[in-house]
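Noted in TrEMBL for the protein shown:
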MOD_RES   LYS33  N6-(pyridoxal phosphate)lysine
ACT_SITE  LYS33  active site, proton acceptor
BINDING   ARG128, MET290  substrate binding site
DOMAIN    221-343  domain 'Alanine racemase C-terminal'
ACT_SITE  TYR242  active site, proton acceptor
Amino acid sequence: MAQPTLTIDLDALRTNWRTLADKSSAEAGAVVKADAYGLGVDKVAPALAEEGARRFFVATAEEGATLRTILGPGPEICVFNGHMAGDVALIRDARLTPMVNDIDQMLRHVEALPGHPFGIQLDTGMNRLGMEPAEWSALRDIALSQKPALIMSHLACADTPDHPMNAHQLNAFREMTDGLDVPRSLSATGGVLMGPDYHFDVTRPGIGVYGGLPFLDAKPVAHLQIPVIQTREVAAGESVGYGNTWVARSPARIATIAAGYADGVHRIMAPKAHVWVGETRCRIVGRISMDLIGVDVTQIEGPVDQVELLGIHQSVDTVADWAGTIGYEILTSLGSRYRRIYEGG
Ligand SMILES: *Cc1c(COP(=O)(O)O)cnc(C)c1O
């Protein structure tokens, strides 16, 4: 069998969520958008509910409806994209809490579903989603009369704790919400790590739960083992892969492994990428193909059956660096060809 194995450690996931939850006296929610950052919401969400999460966040109403069937009636499910046209039935039937982003969304919501829970998203400077300060002050009294379940905003620079944008957004959020009798939420993983000023009533950790930065103490959750299909000796002067970009300077042993850019091992990584064979780091050679990658295993004695791309030796952020991206993008790019094994939980 030449199928790589993606092992998702649900115990590590639960520990990461618990550790982030214990950093604050606020209620910790859990962000499970994009199929739980690519790791499988059907397994991830129940594990986090088991660990104590009572409030989940997704991007779209469709994701929310899927999550409702997974979690059953108890937990609150908040939708970042708010209440979009056409979402009424999904929001009503799955009992979702849309985080409305502007006056149109709010009117759509209270007219179509009077009395149905909703939250409010405020823009404190990121200019992505939410009501701007002027819009909020015009709408505030009407909005509050409808008893929103949560008021939230989002930090643009929380992965850089000393960035002045953080204090700027904190001030803006306080100015817009101080004194209101509504639970508040400002922080994702980065904000949780910035301390109590940023915590308010509800936190929204995502990437840290999945083992990524900026949560330095995260336990790795995703472990990726890729089988070797074939191993060959190449002589000095022979090349490996498309375009002959890598040429052996001395005799080498090359393993061809069963994953490629179609599996989220981005082509741009090739010059920097490594994998692990047991305790030995081996470099990728030549171009990354759609389904195959060459690995220099000259230093390994004996047969090589499989290599590790993600796990205890290298994190999603290490791999992300090679591609000039972030751990979030590596996780959500992993693709559908892996055999997925869920451990613990
Ligand atoms: C994705 C997202 C989060 C979670 O962010 P992490 O950095 O993954 O912890 C929280 N809030 C909002 C609005 C988001 O879009």
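Even glycines carry a Cβ here, placed using N, Cα and C.
Unlike curated records, TrEMBL annotations are generated automatically.
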Counts by DSSP class (helix H/G/I, strand E/B, coil) across the domain 'Alanine racemase C-terminal' (221-343): 22 helix, 47 strand, 54 coil
Listed recorded positions adjacent to ligand 1, that is, members of ARG128, TYR242, MET290 whose C-beta is under 6 A away: none
Collapsed DSSP category at ARG128 (substrate binding site): coil
For MET290 (substrate binding site), nearby residues of its own chain (Cβ under 8 Å, 6 or more apart in sequence): GLY260, TYR261, ALA262
Packing count at ARG128 (substrate binding site) (other Cβ atoms within 10 Å of its Cβ): 11
Cα-Cα distance linking LYS33 (N6-(pyridoxal phosphate)lysine) and ARG128 (substrate binding site), given in Å to the nearest integer: 17
Mean per-residue pLDDT computed across the domain 'Alanine racemase C-terminal' (221-343): 97
Cα distance (Å, whole number) from LYS33 (N6-(pyridoxal phosphate)lysine) to TYR242 (active site, proton acceptor): 36
